[in-house]
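Input: a single structure, listed below in structure tokens.
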Amino acid sequence: MPERLYQEEKQKAVNVLNDLKIKLYNKGFFPATSGNLSYKLHDDPLIFAVTTSGKDKGTVTHEDVIFVDKDGKPVEKTKMKPSAETMVHSYIYQKTDAGCVIHVHTPANNFISYVYFEDGKVKIKDLEMIKALDIWKENAEIEVPIVDNFFDLKKLAEEAGKAINPDVPAVLIKTHGIYCWGRDEFEAKRHVEAFEFMFELMKNLIIFKGSKDIW
């Protein structure tokens, strides 16, 4: 690819991630520098932009984004470090048609992942918001996989990668957060907003009924 076009793609990726992180930060999805985002530039070889580690998502600087390969290694010389969970993003890109990945930590997704962890998944059914996932079926039902929050991030990435279901654009990590993806930034944002809406509703139903058996 000509250098000029490559630089244009890189700048687009930076712009997309900066815009997206501010929008989601303003929704309260990135407390205490948590979470990360990425945007794919190329499939073969896999190259994607990912937010750098430990940065406040509510601000924009020239050190917020780094470009990495499928092994999570920087493709250019840099002093910046990619997010510690970059390999989860890589597995998602390798196993799905994702063009953008979003990872957020919220009270609702932590609650749901804790309550349903022993089941290995959380069932969601009969909610209108499922349509936001491009699932248009009567009595629609989906299952979001839940994996343990391994301290070893390599192990975490491997287990999350194994759990990925290309038909359901999300994986939950127990008392940690959710990874959502879409074919582009618009779809990924829509998906994460839909899941967070459904998890908040489910949390309230569990509390109201006094049971996790809400369906």
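Keep in mind that glycine also has a Cβ here, set from the backbone N, Cα and C atoms.
Cβ neighbour count for His103 (Zn(2+) binding site): 27 (other Cβ atoms within 10 Å of its Cβ, all protein chains included). Classification of His103 (Zn(2+) binding site) by DSSP places it within a strand. If you look up Swiss-Prot, you'll see His103, His105 marked as Zn(2+) binding site.
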His105 (Zn(2+) binding site) has its Cβ surrounded, within 10 angstroms, by a count of other Cβ atoms equal to 17
